[in-house]
Amino acid sequence: MELTLNDIKFIRETVHKFGYPLNEIEKYAKENFIPIAKPEVADFLSFIVRLKKPNNILEIGTAIGYSTIIMAKACSKVRIVTIERDINLAEIAKENFKKAKVEDRIELICGEAQQVFPNLTKNYDLIFVDAAKGQYIEFYKEVKRLLSKEGVILWDNILYKGYVVNEKNVKHKRRTIVYRMREFIEILHQDKTLYTVILPLGDGLAVSFKEE
Ligand SMILES: C[S@@+](CC[C@H](N)C(=O)[O-])C[C@H]1O[C@@H](n2cnc3c(N)ncnc32)[C@H](O)[C@@H]1O
């Protein structure tokens, strides 16, 4: 017997609950239809940052700073560079960083990730990719360049609401994303320098580890 939707619901109910200001950010995101990490993905982010204790993290897709704060709170020494193209969301994120008292460890760069990447010269111990799903193939080379030896990449929404596996009910406008995601998953699995697993968390989370 395999896991059912009820099991997934149960897992979602058992994840750690985050206090202020994350609980308020969750509420704001829900009321304003701003996509943030699903509870089990958020909990896994917290888990992996606690386990890996990275010196630095790169995040692509800040939105209002929910996942950024979770990662900052999970390791008191970590410094985070996070990229967001929407200036209005970026402004809200900055306010949220102050509320969470983590603003001194976070650099928010407002811009298109593809244009920001060439200006980044450091390597990052953990990279969280949570931006436009159709662009993961474009991000891939630069994200790999920016990854430290033994670094970890988390690619969120890899199964895109389940459409990547079951495309029957996919509307035409979403098909391109589905095909691009499938192509991307194939690229990840062919890549001999990364060891990648796909976890059934949220919308699907791929975790890649750089073996060298
Ligand atoms: C799912 S939301 C991020 C949620 C956030 N990581 C969290 O869990 O709290 C995706 C964000 O990525 C941003 N984004 C999408 N494509 C981008 C790109 N190419 N460069 C920078 N930001 C991008 C969107 O504006 C959006 O705010």
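Placement of Cβ uses the backbone N, Cα and C atoms for every residue, glycine included.
Note: TrEMBL annotation is automatic and uncurated.
If you look up TrEMBL, you'll see Ser67, Glu84, Glu112, Ala113, Asp130 marked as S-adenosyl-L-methionine binding site. The annotation Mg(2+) binding site is assigned in TrEMBL to Asp130, Asp156, Asn157.
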Neighbourhood of ligand 1 - binding-site residues from Ser67, Glu84, Glu112, Asp156, Asn157 with Cβ under 6 Å: Ser67, Glu84, Glu112
Separation of alpha carbons, Asp156 (Mg(2+) binding site) and Asp130 (S-adenosyl-L-methionine binding site) (Å): 5
Integer Cα-Cα distance in angstrom, Glu112 (S-adenosyl-L-methionine binding site) to Asn157 (Mg(2+) binding site): 19
For Ala113 (S-adenosyl-L-methionine binding site), the three-state class that DSSP assigns: helix
Neighbourhood of Asn157 (Mg(2+) binding site) by C-beta distance under 8 A, where only residues 6 or more apart in the same chain count: Asp130, Lys133, Gly202, Asp203, Gly204
